[in-house]
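Undergrad: The structure that follows is given in the form of structure tokens.
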Amino acid sequence: WPGGFQQRRGFKKASRTPEPKQPEPKQPEGPVLQNQAPAPPRAPAPPRAFGRLVRPFLFTVGFSGSSFGVAAIWQYESLKSRVQSYFEELQADWLEKLRPQKRGDVRKEINQWWNSLTEGQKTVAGIIVANVLVFCAWPLVPLPIMLRYFTSNPASCESVLWCVPMLLSTFSHMSPFHLAANMYVLWSFSSSAVSMLGREQFLAVYLSAAVTSSFSSYLWKTATGRYGPSVGASGAIMAVLSLVCTKMPEAKLAIIFLPMFTFTAANALKAIVAMDTAGLLLGWRFFDHAAHLGGALFGIWYILFGHELIWKNREPFVKLWHDLRTRSGGGGGAAI
């Protein structure tokens with residue numbers, strides 16, 4: 001019976017043996033809310049694992065160097081076969097004039113449209129097609145495969161060999177507007193960029209900027225602990241835009257929806273870099289501002305220093321390739 005129970009109406013009160021006094025539990029310091037459950041122990045914050053950036057860094061350096069090496073060989077082979085292709089084109093034009101013309105020939109119309117494009121537009125046409133194909137693959141390919149190979153985050157290099165998502169994610173887009181906006185900017189600046197760099201060097205710069213922007217995103221996510229997947233070609237396109245604006249700062253630009261307002265390329269580049277810097281410092285998460293800044297800085301660095309440092313020093317490598325081809329008897333081989 002409880003100790004507080006008492007007998008009444010003439011009955012003798014039963015004797016009660018004293019119970020040992022239990023120690024009172026210690027009250028937690030600070031204010032305690034009523035009916036509050038004890039808080040579970042907090043998990044320790046994940047460490048800033050900068051060691052996981054070693055593989056992405058090596059992939060970025062190795063892939064960029066390989067891109068410029070392949071571009072130098074490609075240009076060498078193109079120049080070597082240009083004389084032969086020139087005579088073949090003359091012969092083809094002569095036969096085309098003798099051949100009777102057909103009306104409504106779709107193939108001829110496509111060839112005429114293709115020949116009307118600039119060298120830069122022809123160069124980026126393949127990039128645009130690749131981006132469209134990857135976008136169409138999202139609803140067709142199993143989602144785990146697309147998430148593993150076509151999205152970029154610092155954990156990608158731990159689960160995928162050779163860190164290929166750093167490159168493949170730059171051909172991936174999640175919305176039609178994102179894809180259309182990026183491809184429109186790439187198409188608009190392609191002619192100027194290819195005329196400055198040439199087709200081979202442009203592709204090397206574009207692919208190198210793609211993996212460099214992915215590494216910039218990895219670095220910022222690891223430093224802040226905000227991990228999450230990223231997709232899009234914006235980082236590589238920012239490199240193309242920034243090198244054109246740096247080389248031609250007085251060029252006039254306009255927004256497609258507001259063609260009446262024009263501004264210089266230098267002011268446009270400053271505004272874009274300032275916006276991405278603000279987004280990085282203020283923690284905006286709608287865009288991957290670290291990838292944007294990484295691509296923009298790579299484009300500025302390359303047009304100011306990288307072209308002299310890398311492309312103009314390719315002659316020893318090209319000479320080595322020429323010697324290897326001569327020794328192997330491949331001097332008359334086809335172009336790469």
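Numbers here mean position along the shown chain, with the first residue as 1.
Using the three backbone atoms N, Cα and C, a Cβ is placed for every residue, glycine included.
Per TrEMBL, region 'Disordered' is recorded for 1-46. Positions annotated as compositional bias 'Basic and acidic residues' by TrEMBL: 16-27. Marked as transmembrane segment by TrEMBL: 57-76, 124-147, 159-181, 226-246, 253-274, 286-305. Per TrEMBL, the feature domain 'Peptidase S54 rhomboid' maps to 166-306.
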Undergrad: Over the span of the domain 'Peptidase S54 rhomboid' (166-306), how high is the average pLDDT in this prediction?
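TA: Mean pLDDT, the domain 'Peptidase S54 rhomboid' (166-306): 90.
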Undergrad: The transmembrane segment (226-246) vs the transmembrane segment (57-76): three or more C-beta pairs under 8 Å (separation of 6 or more)?
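TA: Stretch pair does not touch.
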Undergrad: Within this structure, do the transmembrane segment (286-305) and the transmembrane segment (57-76) have 3 or more Cβ pairs under 8 angstroms, counting pairs 6 or more apart in sequence?
TA: no
Undergrad: Which residues of the chain, 6 or more past the ends of the transmembrane segment (286-305), have a CB below 8 A from one of its CBs?
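TA: Result: 196, 205, 208-210, 212-217, 219-221, 230, 232, 234-243, 246-247, 269, 272-273, 276-277, 279-280.
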Undergrad: With DSSP, how much of the domain 'Peptidase S54 rhomboid' (166-306) is helix, how much strand and how much coil, in residues?
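TA: When I sort the residues of the domain 'Peptidase S54 rhomboid' (166-306) into the three classes, I find 104 helix, 12 strand, 25 coil.
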Undergrad: Near the transmembrane segment (159-181), which same-chain residues lie under 8 Å Cβ to Cβ, leaving out any that are not at least 6 residues past its ends?
TA: 55-56, 59-60, 63, 127, 130-132, 134-135, 138, 146, 148-153, 207, 210-211, 213-215, 218, 229-233, 235-236
Undergrad: Do any residues of this chain, six or more beyond the ends of the transmembrane segment (124-147), have a C-beta under 8 angstroms from a C-beta of it, and if so which?
TA: 117, 168, 171-174, 176, 179, 182-183, 186-187, 190, 194, 206, 229, 233
